[in-house]
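According to TrEMBL, the features are:
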BINDING   Thr39, Ser40, Val155  FAD binding site
BINDING   Arg270  D-dopa binding site
DOMAIN    4-312  domain 'FAD dependent oxidoreductase'
Amino acid sequence: MQQVVVIGAGVSGLTSAVCLAEAGWPVRVWTAAMPPDTTSAVAGAVWGPVFTEPVAKTLSWCRQSLRVFRELADEPGTGVRMAPALTVGDLAVGAELPPQVALIPDLRPADPADLPGGFTTGFRSTLPMIDMPQYLNYLTRRVAAAGGEIEIHPVRSVAEAADAAPVVVNCSGLGAAKLTGDDTLRPLFGQHVVVSNPGLQQIFLERNDAPEWVCYFPHPQRVVCGGISIAGRWDKTADPEVTQRILQRCRRIEPRLEETPVIETITGLRPDRPSVRLESEPLGRARCIHNYGHSANGVTLSWGCAREVARLVGAQ
Ligand SMILES: Cc1cc2nc3c(=O)[nH]c(=O)nc-3n(C[C@H](O)[C@H](O)[C@H](O)COP(=O)(O)OP(=O)(O)OC[C@H]3O[C@@H](n4cnc5c(N)ncnc54)[C@H](O)[C@@H]3O)c2cc1C
């Protein structure tokens, strides 16, 4: 089988490398930053319904990832767990559930009397919650176990990688803007405040269309609190005022977060694009399979996309 170079060691690159290496392809991952320093490490992260383009495909990718995350939740050491979730806000669910929403495990209305913070509508469910630093470690171990190698090796162009291998998989996230000249990619700045877990189990999520909302993801050792999204901001510097607003909003919903110490503030740039780019492109005598532009859904889409990458690599 031909050598494959995967560009990028975020969730897209590592999951693609796992699928390829486990299918027998010799895989090298070339990356500018190791997994703990990627955008992927900053994500909350929760699996959730995706409505972005290409809609039929994102629905299928989402469904495939859900299946895998449910299996991983039964394995120790993956960083994945099925967690109870309370989602509040304007959910605009009509008589018939959209197929994306129908995928949500255990979805049922919440009793309005149980809703905190003055919210009047809400739903309960059970969602895959992924502790990203631990999960990226798990994926890294799985790449290595299948014979794949990960090395620091920034590239200036996709062609540079194609000089080393006949098949290149481009999982460079926002880096694809420079690597491919894709001017439809843009950053969506995000910031999380990470605090010690005072004993929380349940995910809390506010759904709205505003640039700021309340959410927290209680992992065993830490709670990841958000959320914010600022379109077009490339600067990753954490904003102390945003930190305060996030803490205030989360503490209003969950008073047990009042006393708990802040561990760190982390930021990342979601790789936003009008649609996910997952396609094969000829590159002289080589081929490039692009897998980037997952915006706020890269974890959710990761397994479905990685399997499609492996299918495209296998289709000569
Ligand atoms: C605050 C926040 C919360 C989020 N929450 C969620 C969530 O709950 N659920 C969800 O599904 N998604 C969530 N996301 C979105 C998710 O994090 C992204 O969609 C996902 O991380 C994208 O993964 P990626 O591997 O494509 O890109 P990245 O993680 O950015 O990885 C890109 C990789 O490419 C490498 N690279 C770039 N350029 C080059 C180059 N020239 N040469 C070599 N290597 C290069 C980088 O070093 C890196 O290793 C969130 C994002 C943020 C910021």
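Every residue, even glycine, has its Cβ placed from backbone N, Cα and C.
Everything TrEMBL records as a feature, shown here on the structure.
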residue	record	Cβ neighbours (10 Å)
Thr39	FAD binding site	24
Ser40	FAD binding site	29
Val155	FAD binding site	22
Arg270	D-dopa binding site	23
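Within the model, the domain 'FAD dependent oxidoreductase' (4-312) carries an average pLDDT of 96. Look at the residue listed as 'D-dopa binding site': DSSP puts it in a strand. Those residues noted as binding FAD (Thr39, Ser40, Val155) have their most widely separated CA atoms at a distance of 19 Å. Separating the Cα atoms of Arg270 (D-dopa binding site) and Val155 (FAD binding site) is a whole-number distance of 21 Å.
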